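Here the structure is laid out as structure tokens; the discussion comes afterwards.
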Amino acid sequence: MFFWSASLYCAIDEFFRQPSNQNHSLLQDQSCSSNTHFPKDITFINDELNQLKSPSSPSSPSSHLLTLNKTQYDSYTPSYRLALLGILVGLACLSKYHGFVLGLGLIGFCLTSPRHRCVWRSPWAWLALGLFIITISPILLWNIQHDWVSFRFQSERAVPKSGYNLLNVVLVCLAGVAYLFPTIGLPLWWLSLRSLFSRVIQFFSRQSRVYNENSDTTKLLILWVSLPIIFGFTFIGGYRQILPAWSMPGFWGITLLLGQQAVTWQKRSRRWVRRWLIGSGIMISSILLILLLQVTAGIVQKPGQYALMGGFLPPKDDPSTELIDIQQLRRGFGESPVLSAALEKSSFIFTNRYYLGGPIAMALKPLTNTPITCFDIGKDMRGFAFWSKPEQWLGEDALYITTAPFISRNDLMASYQSHFSSLIEIGTVPIQRGGVVINVIHVYQAKKLLKPYPRSYGI
């Protein structure tokens, strides 16, 4: 988000700087001007503007000044900031592939804003493109060396493999609202949909389109860097699972429009806006506190030592039980002679899901330097596919560590038994919360790896 925000700030500074290097307000108060492209020092009172537009009005120095200042402000000259913008967008891409959507949004803005189309004739734009390619060169070089696996992985996830479900789209929207909290999420979704529909109407209305060429270009930039992320991931949610956090960079930009809308609401009822903001802050803080206490102490867990009013949420229905307490796991290995001895004798550790590898590694690192990898029957090994070679541990013994939900997977156990000479459970580590066992870590001794475990990508 840092490079995303820095890129947006740099874009605003480049595309909306005022003459004489004056600072430009991102979203001007509509009461100051009927045209968001005009700075305050060239804003005229409506009556004066009507006189200037009147055919009977004689030519005057004021009319020439208006024309001169309007022409001066409407003109845009690309600057060195474009080169800096290319670097920042490249750094955003290195952080997360959302950065490519940000770059495409900036390109779309320059194509649809008449005042900024001249950017394509500027050497600064081509320098920015070159610096962008140089900045993302680590991604390009790594993918060239590894059969473009990263790009192929992301592109394959964007291609639907089953039918489209509109109900899932609605669920994605509701999950996003809950993730943002309803008093913030609902206004953000309302602004997003209203902005999208207004742009569609303007596109098919010549009068509106001409008007907006001289008005809310700042909003156009915000929409171009926000709506593709929001609606893109929402659309993908119709055919694959989407996490609410994936679309949050888009809502980060729409927050600027929500701030502008809040100013408008404040003019109507300052008390209502104050209650909305304070109430949202109190509720969000309270919910976060409850969630934190639930994860650490189980205050709504049933049963639970610290449950309020006896609790109501059984551990089997609580998704937070998937979180592994690394302190308890480390203590369980340290206090068990069998597990400690097996850990010392094993050449490597493996688990069945890539997201389990991190907590397990953090828990056992103080006890041993034994490397850890992932043997996933679905061949989704992520980074583990590049941190070791398939034949690296042939003939070696290992520890298989997993959680309770996976021990009933017969296909998983059959796959491991076919790759090792033997697979025997040697112990368990209970994970407790509020005095109640909420999860169990199962440890298996895997003897002699017979053949490399299959993987669809990697070294």
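Note: Cβ is positioned from N, Cα and C throughout, glycine not excepted.
Noted in TrEMBL for the protein shown:
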- 82-142: domain 'Glycosyltransferase RgtA/B/C/D-like' (DOMAIN)
- 82-112: transmembrane segment (TRANSMEM)
- 124-144: transmembrane segment (TRANSMEM)
- 164-191: transmembrane segment (TRANSMEM)
- 220-239: transmembrane segment (TRANSMEM)
- 276-300: transmembrane segment (TRANSMEM)
(Q) Checking distant contacts: for the transmembrane segment (124-144), what same-chain residues at least six beyond its ends satisfy Cβ-Cβ under 8 A? (A) 78-80, 82-83, 85-87, 89-91, 93-94, 103, 150-151
Q | For the domain 'Glycosyltransferase RgtA/B/C/D-like' (82-142), residues assigned helix / strand / coil by DSSP | A | 56 helix, 0 strand, 5 coil
**Q.** Mean per-residue pLDDT computed across the domain 'Glycosyltransferase RgtA/B/C/D-like' (82-142)
**A.** 93
Q) Same chain, outside the transmembrane segment (164-191) by at least 6, Cβ under 8 Å from its Cβ: which residues? A) 233-235, 237-239, 242, 244-245, 247-248, 251, 254-255, 257-258, 261, 276, 279-280, 283-284, 287
